[in-house]
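Peer 1: Below is one structure. I have some questions about it.
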Amino acid sequence: MSNKTKSALTSTADAAYIRSPSHQESWAQQRRNLEVNTIIWLDLDVSSTNDNLSAKVRLRQAINHFETFEDKQKCIDHIVSLESEKIYFIVSGSLGESVVPLIHDKPQIEAIYVFCFSKGKHEEWAKRYEKVCAVSPNIDDICDQLTKDVAVSSNNLVSMTAVSPNTPGKEINKQEASFMYFQLLVEILTQFTHKDSTKQELIDLCRMDYAGNNKELNVINQFDKMYSKEQAIEWYTKECFLYRMLNKALRTQDIDILFKLGFFIKDLHEELRNLQNSSTTHLGRTTTVYRGLGLPIKEFESLQKKVGGLLSMNSFLSTSAQEAVALGFARSSLGRSDTTPVLFEMMVDMEKCRQPFSNIKTVSGFSAEDEILFSMGTVFRIISINKLKKEGVWNVKLKLNGDEDIELSVLTNHIKRELGESNNLNTLGMLLIRMGENSRAEQYFHMLLDDTSLDQRDHAIAHNNLGTVYDNQGDYEKALKSYEKFLEIKLTSLPPNHPSIATTYNNIGLVYDNQGDYEKALKSYKKCLEIQLISLPPNHPDIATTYNNIGLVYDNQGDYEKALKYYEKCLEIQLISLPPNHPSIATTYNNIGLIYRHQGDYEKALKSYEKSLEISLISLPPNHPSIATTYNNIGPIYDHQGDYEKALKYYEKDLEISLISLPPNHPNIATTYNNIGLVYDNQGDYEKALKYYEKDLEISLISLPPNHPDIATTYSNIGLVYDNQGDYEKALKYYEKDLEISLISLPPNRGGTVPVLIVPSNW
């Protein structure tokens, strides 16, 4: 039951990628929080007085999302779960003394307010906690203080990603992979052609989320009636739902909300570009601007290690031409142990800037301020970080001059070419698949199919891409149906040797391969290769992909010599035609490692797996299923060497990612349960081994065809446990089930009856 990584073709029109995770929607039970700030109020009498009810109305004008609790433990558990939000916590004096010590140091806690009648008594213990901003019997005083604190804290909400300098021999790291995917997302959002209905979808969502907040609903109504694209900057700078909602979505990379805001993002980006190109910006060729804020300690410490590297601003960035103004904002964070006061000093070369920025004084909602606004995704070089001793503030000097990390740029540009030139839902969906956001990608492909205004080509590509989604989710029947629909359209509209038809034969082959129908898989792959050798250059990456997948079939059939031959052909082309850190190269190293493992050369296998893992960790998001696959494949090496602790460690890493990124009944999860069972089997812990084999079998019987070789593997392994326990009757029963499937699903010359991942030493 070897967990191999498969590759799909990546033509620009209809690329497909294998094993991307599903994504669970993040709607709260009561109402989704569209902003980063949340008020949580814990009080046994929180709903019992009119004063409290009127206070809620007033507090919602400062922070829309409001939750109340009367149960202490439920409240604490909820706070712990809100890792990506900033919480303003109101608590009664009687509960505060016991609850505040438990939640005070959580990074999501921004400020605490103790609402009590015995002010003197509760001020004593509250002095020990710097986040306690008010202790008062007057709820109006607490409302006033909270409103001031929100204004200060909002200035600190700048989302950024720093990457290390491009020193000789440097490898792109995991954080830089996130940097790369965000840059691609920015490009799609700012070039996307948005439908007119998108604005109404946003307004409907906002009216639902801000229900009961009359102040914000009035602003939403104004936006509905009066907004035009020439007013994007004015609306962004208003103290209202738009900028708070946009900053939260960019901070958390909430694709659904970003898509609904897409028209506004594009308008804002284009208005900045137009202002920059006009003579009204009052900025010279070079200029220096400033931003002061309090940066979380861990973020600042990470930034200090990246001097010489790049810093991407992952939201629209407001700056000031006046250093004193920015310095004042930085000083407001002095005295807090969880933040570092920072003054960003940004030197800008107008002629070399890739993203637009402009002085927005003439169009801002706050025309008195000399504000320079940068579009999201603006990238700076980190020049130096030094402390201004007199001010107690750290000075971070940045330079915006258009230079880029060359190695990262090569990989980004290659993936852009693979995604294609069009800026529509297919492009966004394919990027989501790249990022491992499989279920969200499915949502956008269905939206494409429902859009009757699009042409047949866009619908055909959506069918193909849905096939990729279903294949990644383990729904092979749906995948096959989608690919065959796509092929039917292609065969009637394209020449018979068009590369796009080859792509579809490849993807159909992948489905048969996943179903264990290796003869049909090989037939489809060979059709694909035949077309490619006619229509593509000899070193095209798609030919490499097909060699990989043919190798995979021979691997599954036990013909390891042929498999290795095709994998090596694949790698030879990839090393010529792809950037050195491309995920497809990781796939090939992974598969070569599998061959060496099957051949008993564990040293070479481990070396190949480690190369695969190294590339995957730097070119894929951290919870991508391909990373789980490689962890899974490293495990058996240590299992074979008798290092069961290390083997279990790698399988558990695999399982942790797979449970996040895959549907609950995905075959890969079954594979991992099988492999964990094998470790316990080898350790002689037969009860635990049986438990994991049964978990494996439960999923496999749901997700695989009834005669799939992996089911035979599991029957064999369960039989082995009963054999070792001396229950020979049960053992024989499972061995016979194994044999029955193996005689149907495996070729007669297959070495061994089943594709067992690890043959236990006492077999």
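Note: Cβ is positioned from N, Cα and C throughout, glycine not excepted.
So TrEMBL lists these for the protein:
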REPEAT    460-493  repeat 'TPR'
REPEAT    502-535  repeat 'TPR'
REPEAT    544-577  repeat 'TPR'
REPEAT    586-619  repeat 'TPR'
REPEAT    628-661  repeat 'TPR'
REPEAT    670-703  repeat 'TPR'
REPEAT    712-745  repeat 'TPR'
Peer 1: Under the DSSP assignment, what numbers of helix, strand and coil residues are found in the repeat 'TPR' (502-535)?
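Peer 2: Tallying H, G and I as helix, E and B as strand, the rest coil: 32 helix, 0 strand, 2 coil.
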Peer 1: How do the residues of the repeat 'TPR' (460-493) split into helix, strand and coil according to DSSP?
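Peer 2: Taking each residue of the repeat 'TPR' (460-493) in turn, the totals are 32 helix, 0 strand, 2 coil.
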Peer 1: Mind tallying the repeat 'TPR' (712-745) by DSSP state, helix then strand then coil?
Peer 2: 31 helix, 0 strand, 3 coil
